[in-house]
């Protein structure tokens, strides 16, 4: 057993963790990043299932603090796949010489704050300890998979795998009867990718999804030169748009004629991206009539691609509004269900009750015999990555207990009662969901780095949100969230996919630009809402 003494310990080596490590090292801190994976990449290390890829355009899903780093990598597609994304993050780690300060295959199991010394003690799964002044969590929004959901999973005689724990060696689907549980963004990517490779595919659907077609052209030298020439423009604009994408809301619904609205929807739909969702009309999140009109537009597009009226009933949503769930991009996903070897099984009213040795059993007693079960069942979003670590703050309080009652943060950057623990990709910030993740994670990691710089420059050693500061942010967050139609819908956006999880809109819905302004204003006002000592 060993003890390592640091100024700062970073948990995670994905987009946020790599950048945080780089920035704190540039300050001259003794800092190290830890990851239970055997490679860097975070989300893009773990999620190597068939079809995994960006749905942010590749050229905006990049770091914008270093022009040479940005231009030193050339993407092959508008929306590249997992293997290329993982290679890019390894390129970043190598270009910034980060590996010498990274410990892989090192799982942090506990973190305890010592009030007498104002330092954190982290313990690894191997029993080693890390003593650090600052604990920075870069664990990812979607990194705690919902795996053990059904009785009998261990009894299954075939292969059962969660998409976020996909084996590196892959799975041979030839001649196999395969079941996919879940049809969210991940499930859709898997389903459309493996349908032609399996003998039989059954998709177990609880909630139909609005899905938009992806247009994913390859990038040659001209396209690469085009996006690289836009580095300065993207650096200036992305932090200020509503979702951190290059497109933004521009027109109010009421200012356009019905014909103009339709034309705008058609143009955004034809863009082949998330533009229809994140840049057509902001009113889809607040006005039920606008939400219904845009939802019907998407339903119309989906109906036109589905031959069978029964498939329309199974696959097209009717009881919630477009955009209030995570909107997936797809490539011929709907057409997959026209294949003779693919069956959609609706389990909303006839749910899965258990996994048997030979397959999946439903409430009515039906057993679907399978050789492979793929669980595209999502994550304990925002909170699970931290509550699965035994994190203890002041007075022995635990984060798991605190968040089991009420999910609260201060700007998604800290939690009252946990001094010097700074967080990324946790609730009550845009990085919880409604954001191009690199835009939001860069904002948060830069704020954290600057806060630590400020403490050191002023001779302070501790930063902690005040109870009043946290309450003010929670109230502001909830006021915006309660006016948003996302709050009226059941999805992981409000934590309803996790039994017993307190309901709260996880993502800050005031916009990326507004969030950035709020965090910078707090810092400029002497870290208003935080106590420094």
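Heads up, the Cβ atoms here are built off N, Cα and C, so glycines get one too.
If you check Swiss-Prot, you get these features:
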type    : residues                                                     : note
BINDING : 43, 44, 45, 46, 55, 56, 61                                   : FAD binding site
BINDING : 53, 54, 55, 183, 184, 185, 186, 187, 188, 189, 206, 207, 492 : NADP(+) binding site
Exercise for review: Report the same-chain neighbours of residue 45 (FAD binding site): residues 6+ apart in sequence with Cβ closer than 8 Å to its Cβ, ordered by sequence.
Suggested key: 14, 37, 39, 86, 89
Check your understanding: Around residue 55 (FAD binding site), which residues of its chain at least 6 apart sit with Cβ under 8 Å of its Cβ?
Key -> 79, 185, 214, 273, 274, 328, 329
Practice item. Inside 10 Å of the Cβ of residue 61 (FAD binding site), count up the other Cβ atoms and send me the figure. Key: 21
Study note, to complete from the structure: One should report the C-alpha separation between residue 492 (NADP(+) binding site) and residue 61 (FAD binding site), rounded to whole angstrom, as 23
Exercise for review: Sort out the sequence-distant neighbours of residue 206 (NADP(+) binding site) for me: same chain, 6+ apart, CB within less than 8 Å of its CB, listed by position.
Suggested key: 182, 346, 347, 348, 351
Check your understanding: Reported as an integer number of Å, what is the Cα distance between residue 61 (FAD binding site) and residue 184 (NADP(+) binding site)?
Key -> 21
Study note, to complete from the structure: residue 56 (FAD binding site), Cβ-centred 10 Å count of other Cβ atoms over all protein chains shown, is 22
Practice item. Tell me, if you would, which residue among 43, 186 (binding-site residues) has the fewest other CB atoms within 10 Å in the structure shown? Key: 43
